[in-house]
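Data block below; observations after.
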Amino acid sequence: MSMGARLRSALLLSLVAALSLALLVFVGWGEAKRTYPKFIFDKLAAQGEIVQSAMDGHLRAGLPVGEFPGFRRIAEPIRVADPTVAAIVVRGADGAAVFSVGEAAVPRPPGPEADARFALSQQDGWVQVALAMRNRFERVGQLEVTMARAVIDARIDAMLPALIALAGGLVLAFGGFAFWAAPRAARGGLAARTVGVYGLVFVIAATAVAASLVSLYAEGAQAKAEAISDSLAQRIRPLLDYGLTLDDVDGLDRVLADYERRNSDIAAVGLMRDGLVSVHTDPAMMGAPWRAAPGAYEFIVKVNPAGAGEEIQVGVALPAEVVWKAVGRSVKNFAALLLASGFFAAVFLNVARSLGGGATSAGARMLTLMRPIFFVAIFADFLSAGFLPQLLRDEAAALGLGQSATSLAFTAYFATFVAALLPASVWVERRGPRAPVVTGAVLVAAAGALPALTMEFQTLVASRALAGIGQGLLLIGVQSAILANASARERTRATAIIVIGFNGGMISGAAIGSLLVDDLTAEGVFALSSLAALLLALYAARLIRGGAPEGEGAASFVGLLRHGARAIGSFGFMRAFLLVGAPAKAVLTGVIVFAAPLFLSNQGWTAEDIGQIIMLYASGVLLSTGAASRHVDRTGDSRGVLMLGGVGSALGLAMIGGSSFAGLAPPVEFAIAAGGVFITGLAHGCVNAPIVSHIGDTDAAEKLGRPAATAIYRLMERIGHVAGPVLVGLIFTAAGGGGMAFLWIGGLLLVFTLLFGAPGPGRRRAEEG
């Protein structure tokens, strides 16, 4: 291998690693921006409660807010101890400031709801917490604690330089390894090891990001524990100032229980006298030394002044789970990102090998270089999978349209996709695949650009229609180009490029898009989709040769339409199509892509959760397809595998619907729904390839030949794609958008599977084979 080829290979892999690690750091940074402020908000609320508690007795005595004598004495020490607090303001019932310390030019935030602990407001660069001030009968004002948002952002951003430096070093190290390994990888000796090293690099970077988040959240948890301790101490201190002891005060256990109730993260609250617990939220701790759980974030504040006869302390402990639970979500997202970026690495590793001369022939080299085209096309389309159904629903509702409008928007995609197949085939026959592929990529880019510019229902529907046309052109063009460059021995490998490209692109797009939508917004994700498709168009224009294809390609596609009627006349062909193949495609487009995201969104799951659940579907398809295909090739039992796929689909849909049953904890709901989607993916892996073998054993294959019969089936199964959103949308609406819809659909699939397995004339060929 030449030095230039090694350099090109290493640079390409380094670019993939750089993009993956940049995305990792960005996702970690976004997680910190969403999670760390919550600790600070609770800290501000607890600091406000210090002043609120001090004023409570005055207000309950019926005295006016403005006559409270000690505001500055209480509020100013809070600002001195915590310089991040910009202002503390007390307002009367008319909204006018009565007392204030700190920054004067802060806006007035809205007050809390009647039963809320506090109200949070972010405006004009300020973060504000407002607490209600009440006397015995009514609200008489509000107390506000203000902090500059820039302070929170600066603390989060402080972790970036070290992470960026580490990521840069890892990219350079991986690039060096790729440069060294290029000659060996080109000969097939180090390809798997290169992917392994890439995975190790990603895990090292992810561990560093997670460690940074642990440190950041631990700091926030400690600040929160300190503020709650100070708040509780302030509430108790006036009693001791009057010369009372803890034994003289009734109801301290209720005060501590109230703090634990209002601060759900608190693990323990206690009052200690001379080091021993006098009052505690856990009665078993009474009389023992204060002891928090190992790893808990605790803070202990002295309540009475120095020189008092006995030492009184307040202790507050937050469990370590508060931090680990917050980090756990990030780790889940990092795992999804590792899988998504792993597909990118695998695809472009093969490209790098070809650029380095690793392919054995010109055709094999072209096949490898074609791999990214369909992968990136599907990736661009599925970037919005985690939030597009919800977006369409909300935009349709804004226009007064019902659920059916949302399903029709999805149908527009698949209808235009199917409608584009025939013109695309004619175009490919006459002009070759280059122009259809490039045009398809440009249309997919336009489909992303439209909602990025204008987010309206009509725009979204037009975007879906454009994307359908673009994907139809891409499928026919890529398929033609692949077949034109594949030798007879490489046809199976060529077909796998489409299968792996679709599912790999689905996994990567759904995972990455759902992780980015919170930080980039939906418009930003659509813009990213458009950019990816434009780069794809440039790549395809440079790679694919012009001119009509020599040999097969897609040349026989139009001729297949003449034989469609003869295939429809085959009982075995139609039974497999109507009872197995079309329902499977309808479940993909109607349930997995359309109804399941809406259902999960209604259950309260976020876009990133939904995207990762969709990712599980494609993972299940990839995992089971190979095993199912090998079993059918070895035993010839396509019918049994297809029935297994039908039963598995019914079970998966039943699990998705069952996840909404009352009484289930959120993690259990998520696990059941995710498991149902994954099982559905496994089941569809038992259908996608085996049904082609089954069609080849029907009497339609006897009349038309196996290639023609399977090609006609592939065209007809698109009917399931088109009908899926409409039919599932009707059922989903009839069931009120709840889980019962999935149980109904699962029941229908089970009936279809049993009918498929029943004796009939269409089984003759399969039994004889």
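Numbering starts at 1 and runs along the chain as displayed.
Just so you know, glycine gets a Cβ as well, placed from its N, Cα and C.
Checking TrEMBL for transmembrane segment across the ranges 13-32, 373-392 points to 373-392. Checking TrEMBL for transmembrane segment across the ranges 127-147, 715-735 points to 715-735. Counting same-chain residues at least six beyond the ends of the transmembrane segment (334-352), those with a Cβ under 8 angstroms from any Cβ of the stretch are 8-10, 12-13, 16-17, 19-20, 23-24, 27-28, 178, 182, 185, 191, 194-195, 198-199, 202-203, 206, 209-210, 368-369, 371-372, 375, 504-505, 507-508, 511-512, 515, 608, 611-612, 615, 619.
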